[in-house]
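Colleague: Mind looking over this structure? Questions follow.
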Amino acid sequence: MCWTGRMILGIFRILLVLVHASAACEFGPSPYRTTGIVCRMTKPAGLLLNQETAQVIQAAFRNAKFPNITGERSVRLLGKVAYGLSNIQINDLSIEKSDVELKEENAIHIAIKNVTASFKGTLTYGYAGAWFLKLFHSVDFEIESSIDLQLNIKLMCQEDRLVADASDCYLSFHKLTLHLHGDKEPGWLKQLFTDFISFTLKLVLKREVCKEINSLTQMLANFVLDLAANFVRDKDIIVDLSLASDSVIKAGYVESHHKGLVLYKNHSSILSDSIFSPSLLTESRMLYFWLSEHTISNLASAAFLDGRLALTLRGEKLQALFEMEDTEEQRKAVQMIFQGTSYNDSVAKVWSLTQPQVSLQPEGTVVKSLVAVEVSILPTGEQSRVVLYMEKEIKVTIQAAYAEKKLILQPLDSSIEFKVFKCTADPSGNDPSIQSFMQNMISVAGIPEVISSIESTLTSLMNSKGLNLFYLINPEIITREGYVIIQLDFNFPHHLLLDFLQKKL
């Protein structure tokens, strides 16, 4: 139960900074047979993320390491003319426009229009004349450029992991103008250098900028995938996000399919047949996540095995629970159970005795489990005494939502069946008032209190993973028979990309 909400919302971070696909993996004949988690990003999300492309391209230009450029040419009467460009640095970079297109041949095409930049450095040249006169000159230079950039990003599959490949990169030059500062040489010499240097510089720019873009793309892809893997991992509980089948790129969306296996210490859930079909998701929202009942149920089982399905109540919370209503029946039951002991000297423990059974239905997430409740009093200087112990089978239907950066779990209905009931105040069990009071208290106040505690715990846990840094717009959690769909729009947190680039470059 407590891992259901975390899994549902925790997956949000997987795709927020990466349009992804996969290729070149060996999978079974059925494309969705073992899918436990599906992520779909639609074209509007791609357009939004493309607004951040300029930051990555600018970083690639600025971070590119331009080597010294040397050349030599024979010139009539002057002999050989040699030149070298050194200390090349980029300055005044701007990007006019960036467009993105999803291609069904499994590629994401990005067109960057009119990248204007100036390069500065030092030009050193020398030549030997007919009388073996050697002259050497060193002048500052500036190159003005206007470039279009074409990227075809393919994400390959290596060891079941997405790897971005942006090596398909082309630069088209509209302008490349050389200015020599303080040049007193004849105009033909400047023209000579302009022709040769421009040709050589184009090759260098393409090689170094495209290499840096590819490196940044891979770095971002690894960063996001590691971030996502960390988000669905907490101590010994891990969700396997490796690919289950080839991803799909359509004109309107990109979709990837993940195994969704739950790993806990030496335990692992087994692969199961999936009921996923592309028709279950639409293209009206930016981002979709499909999660199978199998994955969510196994998360609940792992949480049980790890001893996480337990809660302790004392003090004011315990008082609020037992004094939910001020009636004679309530006062009598409380007096009999606690025997006049203060709530501060008492403690209630609630835990699951069996692995919860989780099923997803149109009305919500249905959780069924055998639960134990133990109330003890701890008088000062005395050993604790158990005054109430019961085991009950609880079935509760819960609807999940996320708003104002908080997880909301709303119980719709519940049923309680007592299996064991022991109370020191009524060892014979002849007084039905205590059992009646406890059943009413559990259904009216106990279950909501447990769920409220889970809400708070999971919200804090998700925020510690950074979910609250993202701008999620109207997220919806929709349960259906056997699966749940999360759909939302979002605004990209610009500062996260800037922070990443500053730390990595």
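We count from 1, first residue shown onward.
Glycine residues also receive a Cβ, built from the backbone N, Cα and C atoms like all the rest.
Heads up, TrEMBL stuff is auto-annotated, nobody curated it.
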Colleague: Looking at TrEMBL, which of C39, C210 bridges to C169 via a disulfide?
Modeller: C210
Colleague: Have a look around C210 (disulfide bond) and count the other CB atoms within 10 A of its CB, chains all included.
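Modeller: The Cβ of C210 (disulfide bond) has 20 Cβ neighbours within 10 Å.
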Colleague: Just to confirm: which same-chain residues, 6+ apart in sequence, have a Cβ under 8 Å from the Cβ of C169 (disulfide bond)?
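Modeller: Spatial neighbours, sequence-distant, of C169 (disulfide bond): L149, Q150, L151, N152, K206, V209, C210, I213, N214.
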